[in-house]
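What follows is a short report on a single structure.
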Amino acid sequence: MKLRYLFILLIILAVTSVFIGVEDLSPLDLFDLSKQEASTLFASRLPRLISIVIAGLSMSICGLIMQQISRNKFVSPTTAGTMDWARLGILISLLLFTSASPLIKMLVAFVFALAGNFLFMKILERIKFNDTIFIPLVGLMLGNIVSSIATFIAYKYDLIQNVSSWLQGDFSLVVKGRYELLYLSIPLVIIAYVYADKFTLAGMGESFSVNLGLKYKRVVNIGLIIVSLITSLVILTVGMLPFLGLIIPNIVSIYRGDNLKSSLPHTVLLGAVFVLFCDILGRIIIFPYEISIGLMVGIIGSGIFLFMLLRRKAYA
């Protein structure tokens, strides 16, 4: 699919998203907004749209980076346990700093997510798997262990409601003043694009990339830092978006190949389009109620993930 088609589709979905909701708002109202309509548009609908686009494109890039540096098409922040580590970090920040600002929570979540990513990569270095499918299974098992620890702590200290809010991604609570931290993902996306060629070289293996003059460890560490920061920002702001970083890069690689700089713009747009589509679908299925974006992405994403597992020889 060409970039211009993805961009046009994104614009169509974005405009549609602005006018879907319990509060009536039509395109004609834009020419003469009442105080209530202006509040709905600028305090709720536009912040929600912006957060959807940023979360979708940034989490898709996270998956693309992780698949490159791990050299496995089934690795993503979901299957590597990164999201579970970030959630545990947020929970720990609530215990240690009861009145912590969102920035402090994000930093603690980042430290935990980064530690989890390093642990996952160390496991991959120490254990060589003949079948590529075992690598994400290790990440999923590790993530389940971390998730169980987080749930235990949450029950022990009566924080289970907080954990549940991050377990299912939800854009319904995104309003002006509660999503701006996501803007920090934008410079990280730019850095990812600058390092795109280096990530592509790193995906060829340590010995090969070092022979080409690449500082392999440094590039891998930068990639893990970008992934950990973005994951922490997204989970803290909107919650978990499972399988997003897994399916979007794989879909793009089918028709764009594995060159990261070439596939990154398509990954960005397709990620935003996919999340926006899932959000709109979740808002209209049981209107005026809505299904959380985490559930919609999880259902559709897990279906695509299962399909890729069945076709793993084609994607490995």
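For all residues, glycine too, the Cβ spot is worked out from N, Cα and C.
These come from Swiss-Prot:
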type: TRANSMEM; residues: 5-25; note: transmembrane segment
type: TRANSMEM; residues: 49-69; note: transmembrane segment
type: TRANSMEM; residues: 94-114; note: transmembrane segment
type: TRANSMEM; residues: 133-153; note: transmembrane segment
type: TRANSMEM; residues: 181-201; note: transmembrane segment
type: TRANSMEM; residues: 224-244; note: transmembrane segment
type: TRANSMEM; residues: 268-288; note: transmembrane segment
type: TRANSMEM; residues: 290-310; note: transmembrane segment
With the transmembrane segment (224-244) as the reference, which stretch in 5-25, 49-69, 94-114, 181-201 has the largest tally of C-beta pairs below 8 Å?
49-69
What same-chain residues lie close to the transmembrane segment (133-153): Cβ under 8 Å, and 6 or more beyond its ends?
70, 72, 74-76, 78-85, 87-88, 91-92, 95, 116, 119-120, 123-124, 127, 159-160, 163, 309, 312, 316
Contact between the transmembrane segment (181-201) and the transmembrane segment (49-69) (3 or more Cβ pairs under 8 Å, separation 6+):
yes
At a threshold of under 8 Å on Cβ distances, which of 5-25, 49-69, 94-114 pairs most often with the transmembrane segment (268-288)?
49-69
In the same chain, residues at least 6 away from the ends of the transmembrane segment (49-69) whose Cβ sits under 8 Å of its Cβ atoms read 10, 14, 17-18, 75-77, 80, 82, 121, 169, 171, 174, 179, 182-183, 185-186, 188-189, 192, 199-200, 202-203, 219-220, 223-224, 226-227, 230-231, 233-234, 237-238, 241, 244-246, 248-250, 252, 258, 260, 263-264, 267-276, 279, 293
